[in-house]
Amino acid sequence: GPSSCKADEEPCEYHADCCNCCLSGICAPSTNWILPGCSTSSFFKI
């Protein structure tokens with residue numbers, strides 16, 4: 001859940017590291033209204 005996510009803009013390697021681990025390797029804010037905690041941009045790793 002979100003409680004286990006790193007803060008936004010923190011480095012990430014896997015999707016589990018943060019709510020949205022994007023291809024840049026940085027945690028991003030949640031941007032998906034339908035699936036909170038998921039981003040509409042690509043994950044670095046699922």
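Just so it is clear, glycine is given a Cβ too, placed from its N, Cα and C backbone atoms.
The 4-hydroxyproline annotation in Swiss-Prot covers Pro2 (among others).
The disulfide bond feature in Swiss-Prot is assigned to Cys5-Cys19 (among others). Of all Cβ atoms in the shown protein chains, 19 besides its own fall within 10 Å of the Cβ of Cys5 (disulfide bond).
With a cut-off of 8 Å between CB atoms and residues at least 6 apart in sequence, the same chain places Gly25, Ile26, Cys27 near Pro11 (4-hydroxyproline), listed in sequence order. The 4-hydroxyproline annotation in Swiss-Prot covers Pro11 (among others) and is backed by similarity to another entry.
When Cβ atoms from all protein chains are considered, those within 10 Å of Cys22 (disulfide bond) total 16, not counting its own. The disulfide bond annotation in Swiss-Prot covers Cys12-Cys22 (among others) and is backed by similarity to another entry.
According to DSSP, Cys27 (disulfide bond) sits within a strand segment. The disulfide bond annotation in Swiss-Prot covers Cys18-Cys27 (among others) and is backed by similarity to another entry.
Per Swiss-Prot, the feature disulfide bond maps to Cys21-Cys38 (among others); the stated evidence is similarity to another entry.
In the structure as shown, the Cβ atom of Pro29 (4-hydroxyproline) sits within 10 Å of 10 other Cβ atoms. What Swiss-Prot lists as 4-hydroxyproline is Pro29 (among others).
As annotated by Swiss-Prot, 6'-bromotryptophan applies to Trp33, with the evidence given as similarity to another entry.
Summarising the annotation, Swiss-Prot assigns D-phenylalanine to Phe44.
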From recorded positions Cys5, Cys19, Cys21, Pro29, the one whose Cα lies nearest Cys12 (disulfide bond): Cys21
Disulfide-bonded residues: Cys12, Cys18, Cys21 - member with fewest neighbouring CB atoms within 10 Å: Cys12
Site of maximum Cβ density within 10 Å, from disulfide-bonded residues Cys19, Cys27: Cys19
Distance [Cα-Cα, Å, rounded] between Cys18 (disulfide bond) and Cys5 (disulfide bond): 4
Rounded distance in angstrom between the Cα atoms of Cys21 (disulfide bond) and Cys5 (disulfide bond): 10
